[in-house]
Amino acid sequence: MSEWSRIAVEFGEQQLNLTELEDFARELAYEGLDPALIIKKLKETGGDDWVKDTKFIIVFALTRGNKIVKASGKMSNSGSKRLMALQEKYGLVERAETRLSITPVRVAQSLPTWTCAAAAALKEYLPVGPAVMNLKVENYPPEMMCMAFGSLIPTAGVSEATTKTLMEAYSLWQDAFTKTINVKMRGASKTEVYNSFRDPLHAAVNSVFFPNDVRVKWLKAKGILGPDGVPSRAAEVAAAAYRNL
């Protein structure tokens, strides 16, 4: 046995330290955005107008996405002027290059309860709304029809099975949305599509920014979870539909 072979064998005898491994994994985990920094920038920049401005940005994200320049040329003159003014005011960008980049979608993801409630109210304006989802399953929860719902899936206060069911139910919309906005994905396999949104989804679900107790309370209020914390029938059906894709 060579010296290097011996070292490899001895390395394999190192005891696994679960705490150390989990610390490494957390340090290396996908981190797409920092909601606290985004909200701080919005509030400090916007002053008294930050809430109204932010709601406008979120509705834009829900209905048009991140393509500010392209979308501004295909809307009312007043809407275009307001959008471009907000882009300059808050430094909005169309593509997130760093954790500090502020895109319309990131603004929406940073404020998930308001965003998801707005999605349910604006459902007919969504790029992938009830007209699409109700062809897949009946009564698909409208709050799930947006990019912010992952931040509301709890990892505490409910069973692991409940977390898994909600992630699968939400993935049904994510699959449809990905294929809608990305032409290259329309012929892709379920696994390929899932891999395209897997990391951001898991990052949102596992984020500690939005408290789990607030997530559970909100989901119960919307009927997505029952009083006992069990997923609604609609969520269960949606999860099954995703598994069967």
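Cβ coordinates are placed from backbone N, Cα and C, and glycine is handled just like the others.
Straight from Swiss-Prot, the features:
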type    : residues                             : note
BINDING : TYR30, LYS67, ARG106, ARG186, SER196 : RNA binding site
SITE    : ARG64                                : site 'RNA-binding'
SITE    : LYS67                                : site 'RNA-binding'
SITE    : LYS70                                : site 'RNA-binding'
SITE    : ARG95                                : site 'RNA-binding'
SITE    : ARG106                               : site 'RNA-binding'
SITE    : LYS184                               : site 'RNA-binding'
Do you know offhand how many angstrom separate ARG106 (RNA binding site) and LYS70 (site 'RNA-binding') by C-alpha? 18
Can you name the recorded positions among ARG64, LYS67, LYS70, LYS184 whose CA is within 10 A of the CA of ARG95 (site 'RNA-binding')? LYS67
As a whole number of Å, the Cα atom of LYS67 (RNA binding site) is distant from the Cα atom of LYS184 (site 'RNA-binding') by 18
